[in-house]
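S.K.: Quick one: the structure is below, questions incoming.
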Amino acid sequence: MFQVDVNHTRVLEFVIVGFPSLQPEYFHLVGWFFFFLYVTTVMGNLLLIVVFALEHSLQKPMYITMVSLALSDIGFTTVALPKIIARYWWNDGSLGFYTCLFQAHMIHYFGSLNSLILLSMAFDRYLAICFPLRYLMLMTNQTMAVLTLFCWVVAHIFPGISTISVTMMSFCGPNKIIQVFCERLSLSALLCGGPGQYFSDAFAVAMFILYVPFAFILLSYICIIISISRMANGQGRMKTFSTCVTQGCILSIYYIPRFFVYSTPLIPSLNMTTDIRIATSLFYSLFPPLINPFIYCLRTNEIKMIFRRWVQKLQRCLIV
């Protein structure tokens, strides 16, 4: 939908296209895939939250960050997936102008929030491994709760500034967003006069939000690896190193593909088709929220013991 002004035609709504090369006969199948992905992600993260709420033994700083990440992952998938599911099931891809801007704001908000949560998680592990004798004094539940609240509030700043600046810009059409949700990269292509300075500014902000925390995370893990190498207990060293490898895989999935997607328009040698760009952004956006609860549940002994206890209680109830 467009509104004709004196100087240009103003966009009043946007249309989510999704994968431009996808044939219509596959629309329902892809819609079911996104629906299954959404339900699995939400249920897995809700399970982690329920376990934390019911088991007082898990109410520790490390698990507070896990629950914060789970809530953020639920928020992201709830903002991102329902509209693309509707687009492929009912061909309903239209979004009002301000609804699209709100979705874009929340998409980048949860991306910024996850980056800050991963930083706080790395900081917690750094204190626990590098300063084990002082950890309980330095990192209390109250300290982590304040740090977590700080992350949830501060993550709004840069996406908020970007959203306000977009509301003051003109979109002349077309109004089709070649992506599965509204986000800055796709919106910048629809601006009157092209992306220009807005994309450069958005790229700089995205790199700052993502890679400044990432630099501190890398620094903390370098310190952790140095501390691990000095451990006398070989079994403890391997256990701690295994935990760091798991965290490293999650961080690699989260950060590295983002760099290539955002850098493609700026580096001519990086050629990426539209469908590959969309698939890559889906991979780094939706795969971590999907696997995070399973990784943390399966690799954390305390949580595994709780699940075993729950299963044993269920078995006894069924026998009785």
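The backbone N, Cα and C atoms fix where each Cβ goes, and this holds for glycine too.
Because TrEMBL annotations are produced automatically, they should be read as predictions rather than curated entries.
Straight from TrEMBL, here's the annotation block:
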type	residues	note
DOMAIN	44-296	domain 'G-protein coupled receptors family 1 profile'
TRANSMEM	29-54	transmembrane segment
TRANSMEM	66-86	transmembrane segment
TRANSMEM	106-123	transmembrane segment
TRANSMEM	135-158	transmembrane segment
TRANSMEM	203-228	transmembrane segment
TRANSMEM	240-256	transmembrane segment
TRANSMEM	276-298	transmembrane segment
S.K.: Need a quick answer: max count of Cβ pairs under 8 Å to the transmembrane segment (203-228), which of 29-54, 135-158, 276-298 is it?
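M.R.: Against the transmembrane segment (203-228), the leading stretch is 135-158.
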S.K.: What average pLDDT is reported by the model for the domain 'G-protein coupled receptors family 1 profile' (44-296)?
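M.R.: Averaged over the domain 'G-protein coupled receptors family 1 profile' (44-296), the predicted model reaches a pLDDT of 83.
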